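Annotation comment: Swiss-Prot describes Cys69, Cys72, Cys80, Cys83 as [4Fe-4S] cluster binding site. Annotated region 'Disordered' per Swiss-Prot: 8-112, in sequence order. What Swiss-Prot records for 69-83 is region 'Fe-S binding site B'. The motif 'Cx2C motif 1' feature in Swiss-Prot is assigned to 69-72; the stated evidence is similarity to another entry. What Swiss-Prot records for 80-83 is motif 'Cx2C motif 2', and it gives similarity to another entry as the kind of evidence.
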Amino acid sequence: MEDKEELRKLLRSMMRKSTDPRTKMQDEYLTDEDKAIQRSERPPAKKRACKDCTCGLKEEQEVRTRSACGNCYKGDAFRCSGCPSLGLPPYEPGDVVSFSMDLSNEFQGEDA
């Protein structure tokens, strides 16, 4: 009876193992340290201010919105991913760029 159980264990272990000779050769060169899975540590998630922020986080984030690359004025092709001017057209250094959100005046002249 013990022989049958040993035979079953042996067959199960053989079924689990890969019979591909390439993987067998690759495993020979790996050490235990290589086989250990290393988890990459993620940076902590950034806190976002809520819509009706009362703790001051919204104001703090507005102050921090500055570009680290210094290429804001050149255009989107030269801007970094965290650039506050991302999506805006190129401008001269030192100029203040602002857009009117009221588009109704622009379209009224075309209809009249």
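The count begins at 1 with the first shown residue.
Cβ atoms here come from the backbone N, Cα and C positions, even for glycine.
The binding-site residues considered are Cys69, Cys72, Cys83; of these, Cys69 has the fewest other C-beta atoms within 10 angstroms of its C-beta. Within the model, the region 'Fe-S binding site B' (69-83) shows a mean pLDDT value of 76, rounded to a whole number.
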